[in-house]
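Over in TrEMBL, the protein carries these features:
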- 201-257: coiled coil (COILED)
- 1-15: compositional bias 'Basic residues' (COMPBIAS)
- 117-204: domain 'Ribosomal protein eL8/eL30/eS12/Gadd45' (DOMAIN)
- 1-20: region 'Disordered' (REGION)
């Protein structure tokens with residue numbers, strides 16, 4: 001079949017487009033996203049990335065703890081110190097961190113030199129942080145601990161779930177902090193479930209007393225911590241459904257009242 005001839009209308013439109021003046025201020029530049037050209041736009045890659053298994057389990061656990069009802073004894077671990085309070089606590093406890101391997105080596109060499117010269121070595125008692133769950137438990141039971149910090153992300157939680165109640169019974173100020181790696185850094189370990197302070201120097205006594213008073217109010221004497229149950233939050237889809245149902249019920253009530 002012969003091709004249909006172009007109409008006058010289409011010719012006019014094409015002529016208008018060709019004659020249209022381009023504004024030099026707004027020049028259209030087509031982007032080229034091939035290699036070595038324009039930068040790719042930012043995309044949400046969360047659905048495309050294959051995350052490691054430990055990240056998936058961590059996220060699933062977080063969602064589960066939001067959905068299911070969490071007992072108060074476990075939920076209290078999520079009530080950690082805020083940034084301002086934790087910085088004060090860590091700045092104080094950093095002064096009492098135990099000696100490193102190099103410092104211990106130097107101390108032993110110095111003691112050996114003093115011994116060879118028939119001098120009495122310095123046997124001064126050093127006040128440092130105590131760590132290790134069994135050791136800290138013994139210190140709390142004997143009321144030698146003056147302050148206890150417990151990591152909120154200990155897994156399994158059964159290892160330390162009883163420790164807050166023991167601190168309350170023995171009237172030892174305690175606090176939940178983020179996280180076990182940061183606690184471990186205080187005592188030169190990879191991680192630490194809890195640390196305890198047994199002695200305080202005279203120059204730090206006033207600062208320690210203020211901290212201990214605040215921690216007692218927040219944790220030891222705060223009975224709401226053992227009453228509030230965590231979790232029970234519904235997902236975003238369920239929330240939207242509930243809101244839509246609520247709006248529909250409100251509209252029905254309005255119609256009834258207007259009649």
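For all residues, glycine too, the Cβ spot is worked out from N, Cα and C.
TrEMBL does not curate its annotations; it predicts them automatically.
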Could you put numbers on the helix, strand and coil content of the domain 'Ribosomal protein eL8/eL30/eS12/Gadd45' (117-204), residue by residue per DSSP?
29 helix, 15 strand, 44 coil
What mean pLDDT score does the domain 'Ribosomal protein eL8/eL30/eS12/Gadd45' (117-204) have in the model?
90
